[in-house]
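Worksheet for the structure shown next.
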Ligand SMILES: C[S@@+](CC[C@H](N)C(=O)[O-])C[C@H]1O[C@@H](n2cnc3c(N)ncnc32)[C@H](O)[C@@H]1O
């Protein structure tokens, strides 16, 4: 409820819930899986409940019913156990006690017919209408349907393997984990479990990073013949996935971020991977330094492109949050420009599928800043993406790309150069 009503991220909402924190690790993982399934399957769950619930119950009762449907229809949970646990939960509070019998009756019907109703409801019903509209207009109806299929699949785990570690390279990691090398430095692993238990974690040989999230830094690095000692600013850097890529390639990285909590994670990541970077806590809009040969602006965005691992992003955003972020992106891009040295490279990236956060930001910036021009990108070595992902000389990945191997995050990436 905190996610939909207050726009909180599911991870944060859970982390600040005392009942959740008091659970054993295994039960916490189960509770998180139920919550994620509620968001992943929101439209199908609604379709299952609609014919059975004539009058809308209170918000807490509705939320409890949704978690029950998630378990009964979509998870490997005994239906009997899910019904009786749910009824017990409702009985445990005075405000919901009166709904226990009602829920019992509804959920028995869900056990009988829920799977059938869910199967008859297309996956695109799980995507909120306003987002579906924007994606259909931007990417077309068929890609939209394929994108929706990625939402109901279990996400894969991608890790980026450090360039600096002679010990556990990508091939060693592949052999040790059964993972598949994909792209330039990514290893794709079957499903997300306890990442800290994977070989090479303690040694800092890799960090979790979606294949698409590794592209902006790779595109930046492609613009240089030699990387050693090149000064680069990672302007919105935490938790540091891209900082680690740049540092592990030998670049001299300054990592700026506004959030102290997220910078703490960045510092932990750098310590674990034994990679160097100058870390600065600052609002990027107020940060000043001698201009850099390269600036990476991985801008704050709606992050709707990350829905495979974070299905809640489709439910805690709205058109106003897009507009607010667009305003910030329109300030950050010119600021990034002032920090880019003449002849230098500026990369703008967002992990968003909302069209407004992509090309229109770059077009507006280029119109206002004549000493910058687009460096057209027409393909990415090692990645077999459809030609139209490079329309306009920029990169637009869709979650349905490379679908057979697990898809990838939706990113928009543009490379720009300042005149010398
Ligand atoms: C997309 S995330 C960055 C992810 C990171 N580049 C990575 O690869 O791990 C955006 C970041 O922008 C930061 N941020 C938001 N507004 C900012 C601002 N005005 N100045 C600096 N950082 C900001 C957020 O704290 C967040 O860490």
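Glycine too: its Cβ is placed from the backbone N, Cα and C atoms.
According to TrEMBL, the features are:
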| type | residues | note |
| --- | --- | --- |
| ACT_SITE | 351 | active site, nucleophile |
| BINDING | 236, 237, 238, 239, 240, 241, 242, 257, 298 | S-adenosyl-L-methionine binding site |
| DOMAIN | 135-419 | domain 'SAM-dependent MTase RsmB/NOP-type' |
- Spacing of the two Cα atoms, residue 298 (S-adenosyl-L-methionine binding site) and residue 351 (active site, nucleophile), in whole angstrom, works out to 8
- Item | Cβ neighbour count within 10 Å of residue 238 (S-adenosyl-L-methionine binding site) | 24
- Work out how many Å separate residue 236 (S-adenosyl-L-methionine binding site) and residue 351 (active site, nucleophile) at their Cα atoms, rounded off. 13
- Pairwise C-alpha maximum, in angstrom, for the residues (236, 237, 238, 239, 240, 241, 242, 257, 298) that bind S-adenosyl-L-methionine according to the record: 13
- Item | Cβ packing number for residue 298 (S-adenosyl-L-methionine binding site), 10 Å threshold | 23
- Note on the structure: Across every protein chain in view, the count of C-beta atoms other than its own within 10 A of the C-beta of residue 242 (S-adenosyl-L-methionine binding site) is 27
- Query: Taking all residues of the domain 'SAM-dependent MTase RsmB/NOP-type' (135-419) together, what is their mean pLDDT?
  - Reply: 95
- Where residue 238 (S-adenosyl-L-methionine binding site) and the residue listed as 'active site, nucleophile' are concerned, what is their Cα separation in Å, rounded? 14
- Please state whether DSSP places residue 240 (S-adenosyl-L-methionine binding site) in a helix, a strand or coil. coil
- Between residue 351 (active site, nucleophile) and residue 242 (S-adenosyl-L-methionine binding site), how far is it from one CA atom to the other, in Å? 13
- Task: Tell me, if you would, which residue among 236, 351 (recorded positions) has the fewest other CB atoms within 10 Å in the structure shown?
- Result: 236
- Item | Residues satisfying Cβ distance under 8 Å from residue 240 (S-adenosyl-L-methionine binding site), sequence separation of at least 6 | 207, 255, 265, 266, 269, 270, 277
- So which other residues, same chain and not among 236, 237, 238, 239, 240, 241, 242, 257, 298, have a Cβ within 8 Å of the centroid of the Cβ atoms at the S-adenosyl-L-methionine site? 234, 243, 255, 262, 266
